[in-house]
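Engineer: Checked Swiss-Prot, it gives:
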TOPO_DOM  19-517  topological domain 'Extracellular'
CARBOHYD  62  N-linked glycosylation site
CARBOHYD  82  N-linked glycosylation site
CARBOHYD  474  N-linked glycosylation site
CARBOHYD  481  N-linked glycosylation site
CARBOHYD  512  N-linked glycosylation site
TRANSMEM  518-538  transmembrane segment
TOPO_DOM  539-1168  topological domain 'Cytoplasmic'
DOMAIN    562-888  domain 'Protein kinase'
COILED    896-934  coiled coil
DOMAIN    959-1089  domain 'Guanylate cyclase'
BINDING   964, 1008  Mg(2+) 1 binding site
BINDING   964, 965, 1008  Mg(2+) 2 binding site
């Protein structure tokens, strides 16, 4: 064993005297260790054990175990015996035999051995032979194991075998079923045993060992070289196609560094597919491995001398974890740990010498087990184990008695199965065989904050997993989120590829491609896709050019048949729609307009046949001649390809189509949207230039808005707004056209389904040099367009789109104002256009916004935002649509959708109509029942509904409330009848709300008199007296804050009387039946009110008796009074009550009277 091992042995022996003793066998003096003058860690172990005995509460301040005569003695073999400082093998046994023989001569019995590190097997057997227990602190042999059983041994420390079994379970849990084990430790008896234990543990978990190598690396480490590198590379070459997970066992950590360096040299650490898990061949190893020595020494981080940079180390650790039982070092684990350090490290006290006989020597840097020095830090767990063992022993003796020390097997069995969380934070539990099962930890690198600079020590590591023992050989594994670690891809690799290293695990024909093959295939696929894309683009471009050259959009005039419109009462050059309605019946079924019905849906086939015949007859003559086309002023109705269309004239003498014009027309031909009017083509024959658009049978939006006989409800207006906005949004955002350019209500065509379709959009290049429009046509244009009208074709699409937003505002203004684009403005169009061009004194000319201020929110504000002078400040069409969303709140679909839904409902969903009517009938029935229940009790109402007679009913005990408003007559004389009614309505509404919180039934109100009762029609035992009393107090409180609306200075005062007694109830009359109470109780209750005083509650003696039974009420006896019948009675004043007492009554009677449950619910909700 290395020289750092703890030299400590305690023997627990009863001394032959008046009281038994426990002899503490171990070093407590410092000045003889290695012929120096400072304390070493094994001295701290003794102190820690003694403090554990103290803290466990099992010994007294003088060192005697509680409730016994067993005391603690101390024996230091280096001072009091012949123990050799060299501590060769056999020294522990020799000293122990000497003590045992001496005890035998003194006729003392051995109780136990504590703190053995060497010769564990032999000492445990010797202790068992002497019928003594052995409590082992730092023994690497597992004495309780089957190969060296001892029924009197309890082992505190962890062992290599335990660590290997824990690691095997961890590997199994993450699916590492194939491993390579590389053991750098050269052969020795203990090393061979540990190696075999590792292999056995892995085999027990059914983990295949694809490669195992023990020693034989012939490696030496100097300041400049690692001579075993070639043998390491040979191992990797032999194994990397067998496994991806390497388990490295080593005694010199830098060996692992060079192993990973070799893997990196071979390119195995670049993708995260290979992984290394390292373990030390000795226990208490984390400090040695992680390099807590402040000078780094020859730890794994000391790599610069071996030619490995910090940057390389950072890369290595991305495929690395370390498995250990020792917690990660930190200077302050907890306040408890810091306190423990100071306590064990404190000055000696001669009162407790031994064992606290020497102070800590000063000025010695490397003798501190609490320091960063890895050599001494490794002793900290031993010190803590000694403390925990002393505490457990003391606690056990405290609970089970000191006599347990005399029965070694019982002592061990009692302590087995117990667990402890140490001061360092790790968990230890004892198995049933007495061997500790220690918590194990898997450490991993942190995510690097930077890729440069030295690796921080020791903060580089972070906890990846904790294995918490259960005392039965199993563990609960708690993983940290792997994505927060510094390992590759934030995940652990598999021990084998999915298809195996040679594709042996995949079916024939399926195999894993190499990275080079994947790259080549990917490049080829990308190249093919690019080539296909280029070819497709070229083909599309050629087709596009051919399409433009073919002028496919040109329509010959002979294919368009003008329709004679004179017989429909309209001139050819007039409004497009004036004649549309008259010809609709001959050429198109336009849906429900004016007084039309819906029967065209049922006989559409017959009508369509008639229309086709009529159209064929009208087209038999020769094609319209040139003169007819020249007579067209603006537009004309025509037929093209058996479809009604409108031909609109372009006022030019000739039109030479340029490439830009063809591109513009091509866009018009290919744009389709439900809110765009279809463009059929262009007629370009000398001076006859016309565009062809689809015909709108329901007139334009302008014509609908100017038709005073046509009433447009909210649904129509909102639908029109949505259609215009959606069409404009498509032009701005979904079309290559990018703008409308001529938005006005006359260019908003209405189709057969009342859907708006934008027409006459685009074509700015075609309209170049066209004469300026008339002033009336310019009222929709934005001011910047009017000022630059002659060159507006040179404006960008963005500028024209911003101008569309202004035009949209005018159209919205028209829809809700219905008085034209500028409302009822008295100026004529020429003046308006002039002011738009040149604002007078900077004042802007806009339509009168007050005309649409009553329009639904937020139309007016949106209109104002859209027609601002600065185009850049106008919202986009997307923003406009978002702002107008509240306009359609509560409406579903558009006009056509609603019409079709209406038809479907009446034609196909008659059952829904019946169901709706049935539900309405049921709702009406419920309302009638509710009204009836407000007039009569539920039982009475049910009898009346069922046509049954309502018999009078006797109640032996109820409580009745009467109240009257003092001074009501005087107040009424100063008020109008309406004011009196309003006042009483407000007052009694308040009263009704209050008594609803109590188990009371309102009987009636007569003028200013208010009457209710409790105890009927729902019986509630004696609770009715309390319910009426509580409600009376609540009403009295409420009247104090009641305000008479027409006389705020007047305060109403109540006079209240309560009485308890029997009554008879019944329904009186047939017409307007009333639920009435009869009997002396009613009369006396009224007398209690009339003989009372303002703002007080007078109760009878009968009511008082039940009030006392209820409990929780404050009453005051009043002098006897004489009632109207000359009867002298004792009465009481009711002053206050306890709400909690009432709740307790209700809860106590809830089971017997279920109707009280809703009152409890209201009470708990705060409705008191």
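Cβ atoms here come from the backbone N, Cα and C positions, even for glycine.
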Engineer: Counting across all protein chains present, how many other Cβ atoms fall within 10 Å of the Cβ of residue 965 (Mg(2+) 2 binding site)?
Structural biologist: 21
Engineer: Let me check the 10 A CB neighbour count of residue 1008 (Mg(2+) 1 binding site). How many other CB atoms are there?
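Structural biologist: There are 21 of them.
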Engineer: Three states by DSSP: which one describes residue 481 (N-linked glycosylation site)?
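Structural biologist: Reduced to three states, the DSSP call for residue 481 (N-linked glycosylation site) is coil.
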Engineer: Rounded to a whole angstrom, what is the C-alpha distance between residue 965 (Mg(2+) 2 binding site) and residue 481 (N-linked glycosylation site)?
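Structural biologist: Distance (Cα to Cα, whole Å): 75 Å.
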Engineer: To the nearest whole angstrom, what is the C-alpha distance linking residue 481 (N-linked glycosylation site) and residue 62 (N-linked glycosylation site)?
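Structural biologist: Between the Cα atoms of residue 481 (N-linked glycosylation site) and residue 62 (N-linked glycosylation site), the distance comes to 51 Å.
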Engineer: Within 8 Å of the centroid of the Cβ atoms of 964, 965, 1008, which other residues of that chain place their own Cβ, given that this set defines the recorded Mg(2+) 2 site?
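Structural biologist: Neighbours within 8 Å of the Cβ centroid, excluding 964, 965, 1008: 963, 966, 968, 1007, 1009, 1010, 1054, 1055.
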Engineer: Does anything in the same chain, at least 6 positions from residue 62 (N-linked glycosylation site), have a Cβ under 8 Å from its Cβ, and if so what?
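Structural biologist: Correct list: 71.
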Engineer: In whole Å, how far does the CA atom of residue 964 (Mg(2+) 1 binding site) lie from that of residue 474 (N-linked glycosylation site)?
Structural biologist: 82
Engineer: Drop a 10 Å sphere on every Cβ of the glycosylation sites 474, 481 and tell me which sphere holds the fewest other Cβ atoms.
Structural biologist: 481
Engineer: Go ahead and report the DSSP secondary structure tallies for the domain 'Guanylate cyclase' (959-1089): helix first, then strand, then coil.
Structural biologist: 53 helix, 41 strand, 37 coil
Engineer: Neighbour count, 10 Å Cβ-Cβ cut-off, for residue 964 (Mg(2+) 1 binding site): what number do you get?
Structural biologist: 20
Engineer: Quick one: Cα separation, residue 474 (N-linked glycosylation site) versus residue 1008 (Mg(2+) 1 binding site), in Å?
Structural biologist: 83
